[in-house]
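Record features (TrEMBL):
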type: DOMAIN; residues: 32-158; note: domain 'Acyl-coenzyme A oxidase N-terminal'
type: BINDING; residues: THR164, GLY203; note: FAD binding site
type: DOMAIN; residues: 300-461; note: domain 'Acyl-CoA oxidase C-alpha1'
type: ACT_SITE; residues: GLU446; note: active site, proton acceptor
type: DOMAIN; residues: 496-679; note: domain 'Acyl-CoA oxidase C-terminal'
Amino acid sequence: MASSTSVIPNTVIPTTVNPDLQKERDAASFSSEEFAAWWAGGEEVLKFNRGVREYMEKDVDFSEMLQLQNKTHEEIIEFSTRGAIDGAKKLRRLQEERNPSGDVYWPNMYDNQVMWGLVPGGNPFGVMYVMLVKALQAQCTPEQYEDFGKRVERFEICGTYAQTELGHGTYLRGLETRADFDRKTDEFVLNTPKISSYKWWPGGLGHSSNHCLVMAQLYIDDKCKGPHMFFIQVRDEDTHEPLPGVHIGDIGKKMGFIGVNNGFLGLKDVRIPRTRMLMRHAQVKADGSYVSSPTNVLTYFAMVRTRCVVARSNAIMLAAASTIATRYSAVRRQSPINPNEREPQIMDHVTQQMKLFPEIGTSVAYRKASEYLWNLYDVTIKDIENGKYERLPELHSLSCALKVTCSMDSAAGVEKLRLACGGHGYLTSSNMSNLYVNATAACTYEGENTVLLLQIGRFLMKTWRAALTGAPLPPTVRYLAEVQKNPEFGKWTGSWENMVKAMQYAAANRTQLAFKSLSNRLSMGETEANAANHTGIEFTQAAELHGRAFVFSAFTEAVTGAKSKTRSANFNRVLENLLELYLVKETLNQMGHLLRFINLTDTDLSRLQDRLETVLTKLRPDAVGIVDGFDFSDLQLNSTLGSYDGNAYERIFDAALKNPMNQKSVPKSFHEILRPFMKSNI
């Protein structure tokens, strides 16, 4: 019998907006445009971002992006490289057309959200601009940056930041890659002595870099001076072949960031000039004399910046997942609340609201908290340029705290939102799986979360000790001293300001308990290291609460502070509802800690539950308007469930029809495997 060919329509997607979704937009109590301007950082910024995004996306095939997961690993890397370079070309053209003497578009927007739609599997050159260029700018001497830093910035060469090894990640002092200084030749000799020494994980290292910034242990006369940065060429600039002594490649498929081309790097007797060690802070002279950095933290400062990036990026990922799930919940109808009525939009079910709305509030809370973090980062950078390093411990601690809590909450939140989409959320075309694996990756990269909590814990111990002596404290930990002085600090009233203080009170008391446990162990003769290890659980508890107390404070200030006077009354009500939901939800989540230190009655707890249910009801009419205010394009969301037109079923079906498996009515495996087997049983 002759085989038949499936007739696949070009598209089944209507050109109209789903009426249920349009109804939600029409019923919103505020302007989504006002929200979008606030979210973007002002009307001019919003207008600018939209203009760039439209330019970047105008010739991109949306349906091809949805088929990314159907490609092979090699095809995905190739596809991502093409998308990344197309994006670079477009930004360069924009720069030439609109800002020829500046850098507003290129390269400053290369790691911006406007690139999302072009590289749904991740940008193989993202680390080059997020970390490498920034590290070179911060660590090179002016001469070094002129020599090779600008070449990276201009994308004349391509590179990455190579720190993590197969055997060591967060513990940098344990890195095994060596850089031995050879006085005779005025060179460093780099080696990865064993398999565990291989650099492992750097984004773009596989086949998308011809240079990299390697973190290695500096040795002079066989004496270790600790980790330092070395700029190394690993591939020929013309042929792209690995250079002698360089073993380099791709580490294979991962759960997420499937297009980032993460790689491995082994070095055997690779020689580089002495001037390829970054020497803005620490130096090695030609005679082998060593000048140390004014503070060791400067060596790791690129990671501090990247943790700031994580806090912002993961908040945006959670906002994207919230947009998808909320729009889908507005068009999906199921399970009548009253038996004789039409199936309602699933967003009418209070249990569905509880899955959706808290995650919207959480994404906004972390976005506002990350803005404070970035402001602190900018101030600290200026201080460093002037030789002042006092803010570094606070910045390091706060960047760790937000990186940990935001990655943790966004990963859990995206998964909750995927579940809120039912079975269809399990489709890769929903993009929920991609958002989840990208969000959860942040729990381990740029510092594994538990290790970072332990670092914050040690910072809190030092700060508590300082508070006991009356020493001045950095702004974000001053509440530790206030709790010590004011016994009324933890009295419960339930106002927003009081809820902030309650979380600070719990964090301070957790810190005090950890400090007592640490002190007891030290008094019993344990070493500082062993005592800290044995107090580790209490360190992490105090550290997490410290991070959450900061988010409480930052979000409350963003909503109720002086800038609220510049917003409309209707918009302020929406933000206040989001703040109320976030504070109440997270207070209930942390009730185990709060009840230990604060006298909350059963009536207080019942009131919190009532407030939770009340604010869900208040937010219900505005939910779609809020997520519209996040202002994602369909290409950025890359989701069949979350498109602006709300035609979810048609888009799911359209994506299935375009699946490569459905381009033939009968697969090859039927003729070669299935049919012969079935015939053999006759």
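Glycine too: its Cβ is placed from the backbone N, Cα and C atoms.
Curation does not apply to TrEMBL; its annotations are automatic.
Non-local contacts of THR164 (FAD binding site) by the CB criterion (under 8 A, 6+ apart in sequence, same chain) comprise LYS199, TRP200, TRP201, PRO202. The residue listed as 'active site, proton acceptor' sits 12 Å from GLY203 (FAD binding site), taking the CA atoms of both as reference points.
Remark: GLY203 (FAD binding site) has GLY122, PRO124, GLY126, VAL127, THR160, PHE257, VAL260, ASN261, ASN262 as non-local neighbours, by Cβ distance under 8 Å and separation of at least 6 in sequence. The number of other CB atoms found within 10 A of the CB of the residue listed as 'active site, proton acceptor', across every protein chain shown, is 24.
On the 0 to 100 pLDDT scale, the model's mean across the domain 'Acyl-CoA oxidase C-alpha1' (300-461) is 95.
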